[in-house]
Ligand SMILES: NC(=O)C1=CN([C@@H]2O[C@H](COP(=O)(O)OP(=O)(O)OC[C@H]3O[C@@H](n4cnc5c(N)ncnc54)[C@H](O)[C@@H]3O)[C@@H](O)[C@H]2O)[C@@H](O)CC1
Ligand SMILES: [K+]
C-alpha cells in the first residue's frame, strides 16, 4: 500500500527535526536522492552521463535549494549544468555549492513582455547575467535533463511572473528529453492535486519525506509522471496518511479465496437489481462481471424479459421477479440500467433501506435516501456527483468537481454518510470518515459505455464475499472498510481492463473475461502461497 500525506503534514513532520538543528542534513539527503534519480534516468534515456546538458530552474525557497544542491552533485559527475534563477533571492549555501561545482548561473529577467525591465541589478551583479523567458525556455528545451525546482510545499497558488512566462514558453517548445520535478511539479497543490496556471509536465517526480497526496490525485497526477519517494527520516514523525493507494500485493492478500469447506452460501450471495426494458445491456454486463469476479451465487431481480436475457448470458445467475425482502443475500448491487421501471425502482429503494452492503450505481443515484451508512457505496462519475451534491444543496459544476475530485468525493461522502467512489482517469474513493484512496490502474481505453457496469459488478461481488478480518489485520479501520473494498474493485477493474485492451480498444464484456486471469495472477503474489 502506498501512503501519502499533504504538504502541510510533511512540513509538520519535518519541524521537530528542524528544531533539533537537522535542517542541513534533511536537505542534503533530499538533494542526494534527487541527484541519484536524475543520474539513473539520464543513463536510461541517454546512456552516458558525462557531457549531458542539465538545466535547473530554481526558485527562492528550499525547493530551489534542493535542486541546486542536486545540480552541484551532477556537475561534479561531468554534466554541463546551467541554473536559471527565477527570483532575486535563492538558497545561499546551495547556490554557492552549485557555483563551486562549476555550474553556470543565469537570472530570469523580471516581467513577461518587458524582459529585463525592472530587474534587480545588485542581485544580477552577484549572480550572473539575465536571460529573457524566451532565451531561458530555448535552453531548457534543448537540455538532456531539466529539473523543476521552482516551488515546493511552501507554494501558495500557481506560478507567478516571471517563472510563469518561462514555463508557458517551455510548454510551447519541444519537451526536454527528460523533465524531473523536485518534490512536486511547480504550480500543483501538494494537498489536493489542484492545478493553478501553467505547470511543466514531468516524466519523473522525486518527492521527499513521504509521497504527497496531491501527486496521487488528478489533475496533478497527470502531470507528475512516475513518482519516486526519497526517505529523509521523517517516518517516526508522520501522522496517519491523508490518502492511500492499493498495490497488487494488497489485492492478493485481501482477495476472498474460498476455503476447503466453503459452499455457495458461505462464500457470499450477491443480489442484483439492474436493467430495464430501455437498458437491458447494463444488467447483462454487471451480472457477467460479478460472476467473473467470483461469488457464491447471484440472485438477479428484474423484469421477465431481462431475466431471460440474463439467464442466456450468465446461466449461473438465479433470476426472478421477486422482491428484495424475500431474497437472502450478503450484499446488493443496484441501479445499472434500472431507470424508468417502477418495480426496479422499488427494489432499489428496498435494498438501500436493508442495512446490507449496497453498491448504488447509475439509476440508483437519482433518489438516495437521506441517511446512508458507509456500507452503501455510491459509484458516480463527475456529472452524477454534481447531482448528488445538488440534492445536498451544494451547487457545483462538473468542471469544479474535475478540478478537485478528492475534495468533492470527500464532501459527497461526508454529506450523504455513504462511501463514494468517484470515477475518473484516477478513481477517488472517500469514506464518510474522510479517509481517501485513489487508484490509477485504468487505461484511457476503458472510458467507454458499459465499463461502469463492469466495475459495479466487480465491486458488488467483492462486497458480498470480502472477509472483513483480512482488511482489519492490514490496518484498515472499521469505518473505512468499504472504501478499501471499493479501491480493490477499482484496481482489479483497471488491471483487467488494461490487460484486455492490450493497448487498443476494449469492449466492456472483454473486461469481465479478463478478470479471472487477473485474479489468478494476483493470487500468485500471496505471501502464504
Ligand atoms: N523543510 C525542510 O526541512 C525540507 C524541505 N525540503 C524542500 O523544501 C521545500 C519547501 O521549501 P520552502 O518552504 O522554502 O518553500 P518553497 O521552496 O516551495 O518556496 C517558497 C518560496 O517561494 C515563494 N512563493 C510562494 N508561492 C509562490 C508562487 N506562487 N510563485 C512564486 N513564488 C512563490 C515564497 O515567497 C517562498 O519564498 C520542499 O518542497 C522541499 O523541496 C527538502 O529539502 C527536505 C527538507
Ligand atoms: K518543484
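A Cβ is built for glycine as well, from the same backbone N, Cα and C atoms used for every other residue.
The annotation domain 'YjeF N-terminal' is assigned in TrEMBL to 10-240. Annotation comment: TrEMBL describes 62-66, 152-158, 183, 282, 337, 381, 453 as (6S)-NADPHX binding site. Summarising the annotation, TrEMBL assigns K(+) binding site to 63, 148, 186. If you look up TrEMBL, you'll see 247-522 marked as domain 'YjeF C-terminal'. The AMP binding site annotation in TrEMBL covers 423, 424, 425, 426, 427, 452.
Feature map: annotations from TrEMBL on the structure.
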{"residue": "62", "record": "(6S)-NADPHX binding site", "contacts (Cβ under 8 Å, 6+ apart)": "27, 91, 152, 154"}
{"residue": "63", "record": "K(+) binding site", "contacts (Cβ under 8 Å, 6+ apart)": "149, 150, 151, 152, 153, 154, 182, 183, 186"}
{"residue": "65", "record": "(6S)-NADPHX binding site", "contacts (Cβ under 8 Å, 6+ apart)": "27, 31, 58, 90, 91, 93, 94"}
{"residue": "148", "record": "K(+) binding site", "contacts (Cβ under 8 Å, 6+ apart)": "57, 67, 179, 180, 181, 182, 185, 186, 200, 202"}
{"residue": "156", "record": "(6S)-NADPHX binding site", "contacts (Cβ under 8 Å, 6+ apart)": "none"}
{"residue": "423", "record": "AMP binding site", "contacts (Cβ under 8 Å, 6+ apart)": "379, 380, 381, 382, 452, 455"}
{"residue": "425", "record": "AMP binding site", "contacts (Cβ under 8 Å, 6+ apart)": "218, 221, 222, 440, 442, 444"}
{"residue": "426", "record": "AMP binding site", "contacts (Cβ under 8 Å, 6+ apart)": "216, 217, 218, 221, 222, 405, 438, 439, 440"}
Can you give me the same-chain residues 6 or more apart in sequence from residue 424 (AMP binding site) with a CB-CB distance under 8 Å? 218, 381, 382, 402, 405
Near-site residues: K(+), ref 63, 148, 186, CB cutoff 8 A to centroid: 57, 59, 64, 67, 149, 150, 151, 152, 181, 182, 183, 184, 185, 187
Ligand 1 is in the model; which of the binding-site residues 62, 156, 183, 427 have a C-beta less than 6 angstroms from one of its atoms? 62, 156, 183
Take the Cβ of residue 452 (AMP binding site) and count every other Cβ within 10 Å, whichever protein chain it belongs to. 24
Residues with Cβ closer than 8 Å to the Cβ of residue 427 (AMP binding site), same chain and 6+ apart in sequence? 421, 438, 439, 440, 442, 487, 490, 494
Within the set 423, 424, 427, which binding-site residues show a CB-to-ligand 2 distance under 6 A? none
Residue 148 (K(+) binding site) falls, by three-state DSSP, under strand
Cβ-based neighbourhood (8 Å from the centroid) of the AMP site, residues 423, 424, 425, 426, 427, 452 excluded: 381, 422, 428, 442, 490
In this structure, which of the binding-site residues 153, 186 has the fewest other Cβ atoms within 10 Å of its Cβ? 153
How many neighbouring Cβ atoms, not counting its own, are there within 10 Å of the Cβ of residue 381 ((6S)-NADPHX binding site)? 17
Widest Cα pair spacing in Å over the listed AMP contacts 423, 424, 425, 426, 427, 452 is 14
